[in-house]
Structures are given as structure tokens and as C-alpha cells.
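To keep things clear, I will list the structure first and then write my remarks on it.
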Amino acid sequence: MKSIAELGDLRGKRVLVRSDLNVPLEADAEGSPAITDDGRIRASVPTITALAEAGARVIVCAHLGRPKGAPEEKYSLAPVAARLGELLGRDVAFATDTVGDSARATVAAAQDGDVVLLENLRFNAGETAKSADARAEFAGRLAGLAEAFVSDGFGVVHREQASVFDVARLLPSAVGGLVETEVGVLRRLTTDPERPYAVVLGGAKVSDKLAVIDNLIRTADRLLIGGGMVFTFLKAQGHEVGTSLLEQDQVEAVAGYLELAKERGVEIVLPVDVVAATAFSADAEHEVVGVDAIPADRMGLDIGPRSSELFAEKLRDCRTVFWNGPMGAFEMAPYAAGTKALAAALVDITSGGGLTVVGGGDSAAAVRQLGFTDDQFGHISTGGGASLEYLEGKDLPGLTVLDES
Ligand SMILES: Nc1ncnc2c1ncn2[C@@H]1O[C@H](COP(=O)(O)OP(=O)(O)O)[C@@H](O)[C@H]1O
Ligand SMILES: O=C(OP(=O)(O)O)[C@H](O)COP(=O)(O)O
């Protein structure tokens with residue numbers, strides 16, 4: 001893998017940088033999208049600054065959310081361009097498309113040291129296409145904007161997508177400083193972590209994350225499950241889960257994981273109570289119920305207080321903890337307590353000299369929004385799914401492709 005320095009003299013060169021600028025947005029009082037946590041933008045600044053200071057014409061590309069291959073106003077990167085400009089302390093020229101007339105004109109107008117941000121990559125079907133040809137066509141148009149490529153979006157290195165994977169085959173390519181740092185920390189978790197070693201999983205990308213459990217059972221001593229993941233596990237144990245998030249087609253696989261964990265002496269810790277609400281809303285009626293008593297018309301939106309205590313207890317003696325995915329829908333105050341309690345348990349481990357790593361856009365946003373600071377954890381990673389797949393020992397397309405170049 002080449003470092004940026006190995007790309008040679010960048011003065012006057014057009015350099016495409018893939019960053020992960022997928023930040024949480026919420027409508028402000030006027031209904032405009034406001035960034036609720038700019039951690040990923042901040043984490044992307046050092047590489048962009050270094051390239052600009054080296055005299056490159058920096059073309060940043062990124063995605064926001066999961067639009068379906070066509071423009072959608074609510075997923076525009078325009079608010080991110082404004083925030084990036086504030087953090088860089090220089091203007092960021094925003095192209096209103098990704099590889100079209102606006103992108104070409106904005107790039108052509110860039111001077112040495114200027115920074116351009118292209119509109120959301122996922123407004124183009126080619127970015128996430130399953131077909132390698134469709135991806136290659138889009139990657140070709142992206143690569144046509146630049147003379148070199150820097151891969152700095154750690155949160156997407158597990159995605160075989162045009163801007164992460166295919167483009168690196170078309171341009172001289174290097175790894176960015178953020179990806180180097182993130183991989184450096186995660187390597188410590190895969191090479192002889194101090195034990196007991198626990199992995200805590202939650203969040204909403206349930207099907208993505210269920211897939212990593214099989215492997216985590218082979219590496220971690222304890223797995224704690226919260227968030228939207230819980231209900232597929234509860235279902236596999238024979239509980240009814242009302243209207244909660246459920247991956248029905250994974251129930252059988254999860255039953256297999258529970259069996260495998262038992263065989264290997266790995267403890268899977270599940271909640272014993274949940275906060276059950278009538279709707280996915282802060283105003284919905286809600287109450288704490290045992291996991292064996294979730295009403296048919298309610299959804300579990302947080303782990304309950306007895307579960308928070310149980311999780312803290314199961315983490316107390318751990319020397320290494322990796323956590324991805326909030327324990328509940330923390331953005332709404334009635335469902336934030338489980339995530340807050342878990343973060344507090346990790347802070348105690350950090351203070352006791354253990355290594356704690358929090359990964360994922362929403363998990364990082366959650367700990368900050370709930371009043372914690374980055375220095376209370378060993379590392380806050382910009383990647384959730386990417387970290388998990390790295391810990392799994394899987395080859396990550398965005399990294400292996402850089403080994404080829
Ligand atoms: N029980 C639940 N039901 C529905 N959504 C949940 C639940 N628990 C957590 N969430 C949601 O999960 C989202 C974060 O999930 P995810 O994207 O997987 O995490 P990360 O970005 O940290 O990898 C949050 O927006 C939160 O509201
Ligand atoms: O938010 C992200 O991942 P994460 O939620 O696993 O941390 C990345 O930006 C990747 O987004 P994706 O999961 O839509 O490909």
C-alpha cells in the first residue's frame with residue numbers, strides 16, 4: 001500500500017480523495033438540514049489539508065445516506081460542503097453533480113491548493129451497482145476528473161463500490177492518514193487483545209451486522225447484544241417481539257450462532273428487559289417490559305434498566321471492549337438511557353487502563369450527544385461496519401485494492 005508521500009510531487013495535480021462524510025442530519029427550526037455530529041468531517045480534515053498544502057487540487061468525493069442511485073434533495077452534501085469549509089478555514093467549491101457538467105467545470109476552475117466537494121456519489125446508480133461493468137463505467141468518469149486517488153474513507157473500506165474499489169484500479173492510488181490510523185488501532189484488537197475481550201453490538205443495520213457474529217464468536221470472550229439486533233435473537237429464543245425491528249429470514253442463522261457460542265464457551269449476553277413503545281416516536285406511549293412480555297402492538301426501542309445493569313456487570317472485568325451500534329433509538333430522549341449507561345461502562349474500563357474502541361457514525365454521534373468526550377475512550381472509530389469486518393478478519397475490498405496498486 002502506497003502512502004501519500006509515494007505519489008510524488010502533487011503540486012498542480014488533481015487528486016481525488018474518497019472520504020466518509022456520512023454524518024447524521026436533522027431538520028433545524030426552519031426545516032433546513034443541520035449536521036448533528038460532524039465527527040466524520042473533522043476526521044477527514046487532516047488528509048484534505050495535507051493535500052491542499054502540498055499544492056494539489058483536491059477533489060473530495062463522498063456519500064450521504066442510502067439514496068437509490070438518483071438525486072434526492074434530503075441527501076445532498078451541500079450542508080457538508082459548508083461545514084467542511086468552516087473546519088478547513090478555506091472555501092470549498094461544491095459541484096451540484098458528481099461526474100457531470102458541474103463537476104467538470106468546478107474541477108477545471110480549481111487552482112493549486114483549492115478544495116472541491118462533489119455531490120453525493122450515491123446519486124449515481126453506478127456507485128453501488130452489483131454489476132462490475134456498471135461500476136467500472138462510473139468509476140471511469142470519476143477517475144477522469146483526477147490524476148491520482150487517495151482512499152481516506154475508513155467507514156466505507158468494506159464496500160466494493162466504484163469510488164472505494166474500482167477507481168483505485170484506474171489511478172495511481174495511496175492510502176490516506178485516517179485509514180492508516182484506524183487500521184493501526186484495530187490491528188491491536190486482532191493481535192492478542194488483552195482478555196476478557198467483549199464485543200458489544202447494536203444499531204439498526206441488522207442484516208449487515210448479523211453476518212459478522214459467526215466470526216466474532218471465534219475471537220471474543222463475550223458478545224453483548226442491544227439495539228435493533230436484539231429482536232432477531234429474542235425471536236430465535238422463542239420470544240414474541242411485537243412490531244420491533246426483526247430480520248425474520250435470519251432467525252434460523254441466529255439460533256445457530258447461539259448454539260455455536262454455547263459449544264465454544266462464548267457468552268452471548270442479551271437484554272432481560274426493553275423499553276416498548278407504541279410507535280417510533282419520542283411522544284409515543286412507552287413502558288419497560290420483560291423480554292418475555294413484549295406486547296404485540298409495541299416495538300422495543302431501548303434496552304431496559306435491568307439490562308443496562310447486567311451489561312455493565314458483564315463488562316466490569318473486561319480489558320478490551322469494541323462497541324458498535326447504539327443500544328436504542330438514542331436520538332429520542334426516552335430511548336437514550338441504555339446507550340448512555342453502556343458508554344459510562346466503557347468509560348470506567350478506559351479509566352481502569354483497559355482498551356475501549358467505539359466504532360460507527362451513529363455510535364460516535366451518540367456518545368458525544370450524550371455528554372461524553374472522545375478522550376474518555378481509547379479510540380473512536382469513524383467506521384462501524386468497516387471495523388467489524390476488519391475484526392472478523394475479512395479482506396476489505398477498499399484495502400486489498402490498494403495493495404494491488
Ligand atoms: N431498537 C431499535 N429499533 C430501531 N432503531 C434502533 C434501535 N436501536 C438503535 N436503533 C437505531 O440504530 C441507529 C444506528 O445504527 P447503525 O447505523 O447500525 O450504527 P452505527 O452508525 O454506529 O454503525 C440509530 O439511528 C438508532 O436510532
Ligand atoms: O455509516 C457508515 O457505516 P456504519 O454505520 O457501519 O458506521 C458508512 O458511511 C457506510 O455507509 P453504508 O453502510 O450505507 O455503506
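The first residue you see is number 1, and the count goes up from there.
Glycine residues also receive a Cβ, built from the backbone N, Cα and C atoms like all the rest.
Please treat TrEMBL annotations as automatic predictions, because they have not gone through curation.
Just so it is clear, the model here is predicted, and its values are computed rather than measured.
Together with Gly300, Glu331, Gly360, Gly361, Asp362, Ser363, TrEMBL lists one candidate of Lys68, Lys74, Lys130, Lys209 for binding ATP, that being Lys209. In TrEMBL, the substrate site is described by Asp20, Leu21, Asn22, His63, Leu64, Gly65, Arg66, Arg122, Arg159, and among Arg40, Arg104, Arg141 the residue recorded at this site is Arg40. Comment: substrate site residues Asp20, Leu21, Asn22, Arg40, His63, Leu64, Gly65, Arg66, Arg122, Arg159; largest CA to CA distance 18 Å, whole number.
Across the annotated binding residues for (2R)-3-phosphoglycerate (Arg40, Arg122, Arg159), the two most widely spaced Cα atoms sit 18 Å apart. Note on proximity: of the binding-site residues Arg40, Lys209, Gly300, Gly360, Ser363, the one nearest Asp20 (substrate binding site) is Arg40, by Cα distance. The number of other Cβ atoms within 10 Å of the Cβ belonging to Asn22 (substrate binding site), over all protein chains shown, comes to 24.
For Lys209 (ATP binding site), the nearest of the binding-site residues Asn22, Arg40, His63, Arg122, Arg159 in terms of C-alpha separation is Arg159. Less than 6 Å separates the Cβ from ligand 2 in the case of Gly360, drawn from the binding-site residues Arg40, Lys209, Gly300, Glu331, Gly360, Ser363 in sequence order.
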